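**Student:** The ADP binding site annotation in Swiss-Prot covers 229, 233, 811 and is backed by similarity to another entry. Marked as Zn(2+) binding site by Swiss-Prot on the basis of similarity to another entry: 466, 469, 514, 517. The divalent metal cation 1 binding site annotation in Swiss-Prot covers 652, 811. Feature annotation from Swiss-Prot assigns divalent metal cation 2 binding site to 810; the stated evidence is similarity to another entry.
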């Protein structure tokens, strides 16, 4: 297939070659386990057996395409342990390993055996290829176009997984990342290689949304919080759709577009727009529903992905080229991409406002939408400004930084690492100055000269502050509850009683809203308008709005009182027949007469079960007027009267930013801190020990002894390493014995001593840096692991009846029933490390790996995760609850330290904690008591084990084996237990405390003695927390019971 040297088709050819340069079954081929297959493909011309298989797959799917530069992208994309291969075994087939293991890229001493589930002969490979062909050949062209590439990027590993094949390592000698992680990383690096070949620069570009937590917190209703989160995700998604269309999905490093719900949804919509066969669309929909949406087709019914999963930070790897027609030329200047990002961001917001205007105009018969339409017209100028700011930074790479003439420079393996750290540094500098979005509005002019439009009760002082954000002047001022309906009509806000009901349903009496907060409230009422951003440039605003108006679907978002009442709703559903006979309130048992969907999975599963889930608990059992009636009713039918409390859970991974820079802080959280890297030589002993263990364990087979020996020589400050020379010489001799004539000639030219010197230099460079040198493979592996972890997290939230407000990257904000929160924190923390009991969605988590069918992928076992849990009253102002949860987590995980076991002795550590709060009571539970958190498979059982203990104690209390007075009698024992330095005395006191409160003679409940000595210290923390672990365990249970009462 001939292509123009600068054409888009040639660029896509490069990327297809990158994705397919190694076959997914490479490990089996190079270890001679696919002998039948390679024999059957002997007519395919290639140097090596696995290249023969790869070439056959490429030819079958995309025709005869070729790219000589894939080797450079391959090398630059690889992880640091595979770079060792470029230095040690090169093209010599040295240190071959016929065993196939897959190791965790973050924790290389944890591994899985890889079995024999792969296409073993040509017929099975052809069957697999036909599955790809069936979906790829519907793009109405035989040539490779952007749609075909986007589709292949999506389905490549999904079809492999669906065929129930295993996932192999990219290299059997250093099996630390999967073949798919390697292939997708190579495709990403091809953006630089292609660009540099054309004498253009390559770029790393980052986008950071400023003040995400603050923006999300500015709301009075759950609907406001959820839509704020969705805006953060959707605006950035709109930005990156341009890059996906110009260059392909591989340019997005963070978040990965593999297993990504937004990307899967976008591509499905694009295929529909292209009028692809419905049968093919159904097959693709089945694949993504099964493996990307956890088997839930809510995204189809809602016509948007239900969860805001795009984080506030994006990283892209870009070629310095811009397309003109089907040809590429160099970007006009270095700021081109920065300007493009800002332009797209502002454009996305304005399109959204345009769509909201259009929709409200078409819905003016509804009182709320009529009000929205009026305000949008009056505040048109104000709404040209986005309510969020973004920072955009980039760094560039030139050809001479990577290449020396046409060959890779000897230090090219460090270039990506250098550029990424430069990008991080640029962001750190820019954070010194913060400009709020409000500062871009001309508020002084509006308020001073009475230009601010106001609808409703006019302010006597010129303006009133918005009650939702508390920052901007309000343009809607609702009358108070007294005579609300009458005043609404008199003030011209509503035309009749029907309008009043519509408005009151969305805006409460006494509420005041600024233009931005009204926009959020309106978008929360019709979230499908987010399609304007989600579809990028696929459809016009007018077409999207008309389609939405033509399909009238009501969308429910749960309130805090709904979350608090979930147990009561469930019990009412179980006893619906008897309770509906007794109920005076007919609407509670009304059957749904209209289509309704919710972002809350619990609602959708129970909508048609006989109890009206759309009723507002605040107007029924939480109402002062009806509370006594419902208390009596529920008691008669043995239904739990609901507690007015719910749990707000916030979670954030520890040191993820450091991990992406290759720093070792996640491995020794608190023992090594981020600030230590200003002078990391002071932590040389800990750092070198970790790095050496990682580098040794990253190998598999004969290479391990060689690496050990080289590191021993470095440790001994030896310039020469005779033992390593001997090992290397013996390996050369052994390979030469079985080598063909061509390989033997290469081996005869090897200067063994020089090769060993290169190895010494390589390892010294890494040890001097005191961190892992990051590569695209490192980033792609972590980014895709975060996506898989996110899918598990969403499944857990739904399992525990919660509602997701935000779930971008490693962050989570969710509401759960109080009685589910301990189980959720335990399971979530373990799942993040890669361990679970039972299946979660389509995944099983097994000792640091996620298994999807038979394919294993790495989880993030060495990364800690911290949680804040606020037990809040449904009527508490959400703004304060959200901010409290943020401050509690951000400050607590930095300031609270506790003792952990490291290398046989106790050290002070921090992070990886769960902080609980209810009213004035706060407790802290460490989620791990050693560093690294995981160092062997047995360590997985210890993660969140203290939460297990708390749950077991709660179970004994709930079952009546132990009295709840145990938690309050503790105060009599507390000072003795805390003051005791002798374990036997502490154990005696604890046993006596439990025995005194046991309701049965023999209650077997013990606390591991290692917990007695755990102490917490708090640095500059304004909140009082007990210093001993036993007190924190007791206080945590008090907090939970306080929320359940």
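For all residues, glycine too, the Cβ spot is worked out from N, Cα and C.
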**Student:** Applying the rule Cβ within 8 Å of the centroid of the Cβ atoms of 229, 233, 811, what extra residues of the same chain belong around the ADP site?
**Tutor:** 212, 216, 230, 232, 308, 309, 310, 311, 312, 805, 806, 807, 808, 813
**Student:** How many neighbouring Cβ atoms, not counting its own, are there within 10 Å of the Cβ of residue 229 (ADP binding site)?
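**Tutor:** Residue 229 (ADP binding site): 26 neighbouring Cβ atoms within 10 Å.
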**Student:** Return the member of 466, 469, 517 nearest to residue 233 (ADP binding site) in space, with distance defined Cα to Cα and candidates limited to these binding-site residues.
**Tutor:** 517
**Student:** Under 8 Å between C-beta atoms and at least six apart in sequence, can you list the same-chain neighbours of residue 517 (Zn(2+) binding site), or say none if there are none?
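**Tutor:** The answer is 218, 219, 224, 466, 468, 469, 472.
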**Student:** Of all the binding-site residues here, 652, 810, which one's CB has the most other CB atoms within 10 A?
**Tutor:** 810
**Student:** List every residue in the same chain as residue 514 (Zn(2+) binding site), at least 6 positions away in sequence, whose Cβ is under 8 Å from its Cβ.
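**Tutor:** Residue 514 (Zn(2+) binding site) has long-range Cβ partners 466, 468, 469, 471, 472, 473, 474, 475.
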**Student:** Can you tell me how spread out the ADP site is, meaning the largest CA to CA distance among 229, 233, 811, in Å?
**Tutor:** 13
**Student:** Which residues, same chain and not among 466, 469, 514, 517, have a CB within 8 angstroms of the centroid of the CB atoms at the recorded Zn(2+) site?
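**Tutor:** My list of surrounding residues reads 218, 465, 467, 468, 470, 471, 472, 474, 512, 513, 515, 516, 518.
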**Student:** Can you give me the Cα-Cα distance between residue 810 (divalent metal cation 2 binding site) and residue 652 (divalent metal cation 1 binding site) in Å, rounded to a whole number?
**Tutor:** 6
**Student:** Near residue 811 (ADP binding site), which residues of its chain come within a Cβ-Cβ distance under 8 Å, counting only those 6 or more away in sequence?
**Tutor:** 311, 650, 651, 652
